[in-house]
Amino acid sequence: MSFTRHALAAAALAATVAAPAALAQGQPPLKVGLMLPATGTFAALGTAIENGFKQHVAEQGGKLGGREIQYFKVDDESDPAKATDNVNKLIKRDNVDVIVGTVHSGVALAMARAVKESKTMLIVPNAGADAITGPLCAPNIIRSSFSNWQPGYATGVMAAQKGYKKAMTITWNYAAGLETVKGFTEAFEKGGGKVTKDLNLPFPGVEFQALLTEIAAQKPDVVFAFFAGGGAVKFVKDYDAAGLKKSIPLMGSGFLTDGTLDAQGASAQGLLTSLHYADGLNTPRDNAFRNKYAVTYKMQPDVYAVQGYDAAQILAGGLSAVKGDFGKREAMVAAMRKMTVDSPRGKYTLSAAHNPVQDFYVREAKGRENVMTGVAVKVLPDPARGCKM
Amino acid sequence: MDLATFLIQCLNSLQYGLLLFLVASGLTLIFGIMGVINLAHGSFYMIGAYMAYALAPVVASTFGGGFFATLFVGLVLAVVLGYVLEWAFFSFLYEREHLQQVLMTYGLILVFEELRSLIVGDDVYGVQPPDWLAGTIPLGEVMTYPVYRLFISGVCLALAAGMWAVFTRTRLGMMIRAGSTNREMVQSLGIDIKFLYRVVFAAGVAIAVLAGMVAAPVSSVYPGMGNQVLIICFVVVVIGGIGSIRGALLAALLIGVVDTFGKVVFPQAAGVLVYVLMALILLWKPDGLFKAG
């Protein structure tokens, strides 16, 4: 008899302790749709984001908030024209709970519009388009990266602090470039400087010659550039080749030298940029992340890997708060808003518009690394203009 | 804008215009003489640029040659490519309507893009000019001008002069001109018009490929570059007058000036200025600056 009683008591105890876990156990796997570029110019960035996301899931024993994760993948090809079709494959065909994507701002804008209707949860692990946490902001849209305005603004603060008075900007004539330049101008002019001319050329053109001639003629104190990938390599080399590097300092958002230093070689050495991640942060958190990443994927992590890793962290934070019950969406989003993300880039929180409120580092290009040499702006929130939530 | 800046921007305009002429001249040649609208012409330019990137290491390891050896090998391959394409596809298009030509050549664009993706991938590549052309020459106080761009202008000018000489001063040029106005007549004189067309087509392809190879160090090498250049080339052909080499040269130089100074003086409108120019010229001269004849 006493055996039965003990057994019952033990069973009851076990049941109370294990109840949340049991609830989570009983639930089907959480369906996560990864909509990232797998081909094209941004393929490597898509891989880094996916690697980062999966690294965090692996660290949690393959589960987030007690839920198994089931992946669905779509290659978005960084093609805005195909974005709506692609995102609907995940929403309507695969019926996913959460979508993680993407790199290209134009594609991400289409994704944001689609999930606004379907209410599917969207975590944006890179695309910086201001509108995503601006006019398009929504309770089910969260960004683990940055808004284009942010790194531009941080670089503007840096340039003003250096005492430069007259700046020229140069970028591609598309959303990411123009929004970054806007951020730079805002901070630089607030700091007492003046942007005398904005130069731009069509994306992804790289015929800089006429514009470099104009820069040489106007002799500003500093030039702010936004380019990424192959265009960034070409610009930094052409800037040097035109003899401008010696006479007019060049600054940029971190994308000017991220993942491009190898190809830029000597031309990039000493360039100052600003971004929410850098090499040589040398915090225990970042070192642990980098070591594990290097061992798992046999390559060094970059800012994209960190953003993917954080996308998983934010999802995990929200899910744990509701014990894996994805039905409690409001409580889950409230928990995400309140959480402090323990990112390799440094701790940060999410703004009311769901954009990271984070530190921006001063980075100097040394060898093959963008080494952190200081902080440009601490806890910089995105102004989230136009967000009604 | 001071004088030194103005002069350098003129050099920039000239260099861009001449390069544009080089690509567009092949298009206007094929259009003007054979009456074929060749949308795939931009692809030849792209093939040239990718050749400059992918062929250089192969040429260097097989023949031990550098930049000019690569140019030479690329030109030979381009002539072969042009000859084969004319035989396999374009020779069937002369008698067809423009719509069918457009469909066929658009198909070729898709094929070339896929092949490019399969062979070299979708990355953006940089190409280095040869060391002895890599420097700059000083102009004024802070200004410099890249030697390689002078080289591009030189190559383009030489080719333009060569084309002019062939067309106006040789028997071959005479036959080609005659063939474009009256195919049957030329044929009945015992001239192999089919072979003649094939030669002209191969030359058009070779010129576009050469332009791509020479431009690669200043334009980079990227997917879709052929289509970008194709659009602007059609603008050149339309402004210049269909089939007129002289018109193409003038139009390309005009576009060079408008694009270069537009980028600097009206940066916000730079993208549309060329099309505004086209609209104005077509209002004034609906057939373009020069009509072929």
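Note: Cβ is positioned from N, Cα and C throughout, glycine not excepted.
Quick look at what TrEMBL annotates:
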{"type": "TRANSMEM", "residues": "B:16-37", "note": "transmembrane segment"}
{"type": "TRANSMEM", "residues": "B:44-63", "note": "transmembrane segment"}
{"type": "TRANSMEM", "residues": "B:69-94", "note": "transmembrane segment"}
{"type": "TRANSMEM", "residues": "B:147-167", "note": "transmembrane segment"}
{"type": "TRANSMEM", "residues": "B:195-217", "note": "transmembrane segment"}
{"type": "TRANSMEM", "residues": "B:229-257", "note": "transmembrane segment"}
{"type": "TRANSMEM", "residues": "B:264-284", "note": "transmembrane segment"}
Legend entry - Cβ-Cβ under 8 Å with the transmembrane segment (B:16-37): same-chain residues at least 6 beyond its ends: 44-45, 90, 93-94, 98, 101-102, 105, 152-153, 155-157, 159-160, 163, 176, 179-180, 197, 200-201, 203-208, 210-212, 214-215, 229, 232-234, 236-237, 240, 242-245, 247-249, 251-257, 259-260, 292
Legend entry - Same-chain residue ranges lying at least 6 outside the transmembrane segment (B:229-257) that approach it to Cβ under 8 Å: 10, 12-18, 20-21, 23-25, 27-29, 31-33, 39, 41-43, 45-46, 160, 163-164, 167, 180, 274-275, 277-278, 281-282, 285, 287-292
Legend entry - Residue numbers, six or more beyond the limits of the transmembrane segment (B:264-284), whose CB comes under 8 Å of its CB atoms: 9, 232, 235, 238-239, 254-255, 258
